[in-house]
Amino acid sequence: MSIEIKGTPACPGIVEGEVFIFSEPEIVLNQKPIAESQVENEINLFLEGRKKAKNQLETIKTITLKNIGPEEAEIFDGHIEILMDEGMEEEVKLLIKSDLMAADFAAQKVADQYIAMFQNMDDEYMSARAADMKDIFRRLIANILDIHIPSLIEIDAPVIVVAFDLTPSDTAQMDKTKVLGFITAEGGPTSHVAIMSRTLMIPAVVGAKGILEKTNNGDSMILDAQSGIAIIDPTQGEVEKYQAKAGEFAEEIRRLRALKELPAVTKDGFEMILAANVGTDIDALPALEQGAQGVGLYRTEFLYMDRSNWPTEEEQTIAYSNVVRAFDGQLVVIRTLDIGGDKSLDYFKFPHELNPFLGWRALRICLDKKDIFKTQLRAILQASALGPIGIMYPMVISVSEVEQANALLQECKNELAMEGIPFGDDIQQGVMIETPAAAMIAGELAEIVDFFSFGTNDLTQYTLAVDRGNPHITELYDSFHPAVLRLMAEATQDALAKNAWVGVCGELGGDPLASLFFLGIGVKELSMSAINIPKVKEIIRNTTMVEAREIAQKVLSLGNGSEIREYLKKVINQK
């Protein structure tokens, strides 16, 4: 008998396949003393476990090089170097011989010492090695105990991944030829794993409570990521039903793809720019295949993740240049480093904060850590020599912050000019409007920037005082709430009055329901996960600006998010 589990759609699609449970195994250490007669055997277990761990890391490095890139693959050279360190080997052997410790327990003891030592170092590069130690010794100990630690990059056959949750770096390492889709017990439609699924265009469902309790490795599953449903061990009738539904979905994709080369122009001649949100340079090609007219949000934080130290100026220049080159004359908006909140780095110490989303994050960190910020700004400037670029600052709440950031940008321009390094002379400067404070001073900000882009995920969170990652209050998080939409409408008018153009790069920007509202209030650019571009384009091409303005005014008069959604659904269905 089949079992149905309901979650929240993250990226549309319908797939059928075997379940792969991605979970962290529990490791129980052998803490009892060993007999002297077991010493040699434990040393051999350690050496054999290390050999297996090294082979695994070399395999992961090869796969990473193929699927992601050389910079990310180099991380594993450092991991192998630590694993094969002779000093570490001697310490483990000594504990086995002198203290009669089991190999796994001895390795953990050495790991604890190394991790503590590196964590206490002031030097950022050296303290970053602590994160490496945790990962490497965990893999080593698992191999000593003959416990397999799964990694998404190691999947070698097409599967549907089932997990409690996935990190952005987990998702970034997915091989689309092997991961048919995924479903998680945690997460919401605006969680980072959901956003990444749309960037990679992998069918996904999040927030499916109880999914791990109902599934086993190898189970047959239908994942309907349009409706947010997983069917475990489906009947033949259910398989046939969803195969037909998958065929209909594929036909719609083909129909919409025919619009790829056409602009998003209304019937009366008003054009909306439809750009893509990207996380890495490998996202550029899929975005172009969907008809993206540039990049409205380059999430540079992904370049900083899943590594052991800060990316160099050269590494960043290459990554940014690849995207600018790919879009060949179309505007690429690069958001400066946005870490903090729920986005951490293994090699950077964040202070303990009661409210990290209200704390030290994004531009606040960059203005404090000017050397890190300037490295990124110099890289962005060098990429601008290849094509039009916009630099966008996140988490702005004051004019002063933007002035400080612009001053540092000018410093970087002066330095590059002195060094004879070329950069573009038509760089646009902008800010993300993702706090009520920024929205309320939109007019003042518009006097010192060229453009705004609404970060609707955080703007909703801060306007409604609702943590978008808290499963207990998910129903309160609503980007269609009248307060959020009215705030954006007013800020847009303030910006347009000062000749600054306005975009939307949060998840609402890619929601087909919201497209006519944004068109009607005067938004120039919608940036979204590439998979949403064709549908939004179709909606815009089937309306007029006169209609869009009337729709926007009606939306602004409605009293709650449910009414607004129902009204917009009705309007779009009539198109």
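All residue numbers here begin at 1 and follow the chain in the order shown.
Here the Cβ of each residue, glycine as well, is placed from N, Cα and C on the backbone.
What TrEMBL records for His192 is active site, tele-phosphohistidine intermediate.
Annotated active site, proton donor per TrEMBL: Cys505, in sequence order. The local packing around Cys505 (active site, proton donor), expressed as other Cβ atoms within 10 Å of its Cβ over all shown chains, amounts to 30. A coil conformation is recorded for Cys505 (active site, proton donor) in the three-state DSSP classification, outside any helix or strand.
Sequence annotations record features per position, and here TrEMBL assigns phosphoenolpyruvate binding site to Arg299, Arg335, Asn457, Asp458, Arg468. Just so you know, the Cβ of Arg335 (phosphoenolpyruvate binding site) picks up 26 other Cβ atoms within 10 Å once every protein chain is counted.
In the three-state DSSP reading, Asp458 (phosphoenolpyruvate binding site) counts as helix. What TrEMBL records for Glu434, Asp458 is Mg(2+) binding site.
Summarising the annotation, TrEMBL assigns domain 'Phosphotransferase system enzyme I N-terminal' to 6-129.
For 156-228, the entry in TrEMBL reads domain 'PEP-utilising enzyme mobile'. Within the domain 'PEP-utilising enzyme mobile' (156-228), the DSSP-based counts of helix, strand and coil residues read 18 helix, 19 strand, 36 coil.
The domain 'PEP-utilising enzyme C-terminal' annotation in TrEMBL covers 255-543.
You'll find the Cα of Cys505 (active site, proton donor) roughly 17 Å from the Cα of Arg468 (phosphoenolpyruvate binding site). Each residue contributes its Cα atom, and for Arg299 (phosphoenolpyruvate binding site) and Glu434 (Mg(2+) binding site) those atoms are 15 Å apart. For the binding-site residues Arg299, Glu434, Asn457, Asp458, Arg468, the largest tally of other C-beta atoms within 10 A is found at Glu434.
Cα spacing between Glu434 (Mg(2+) binding site) and Arg468 (phosphoenolpyruvate binding site): 13 Å, rounded to the nearest whole number.
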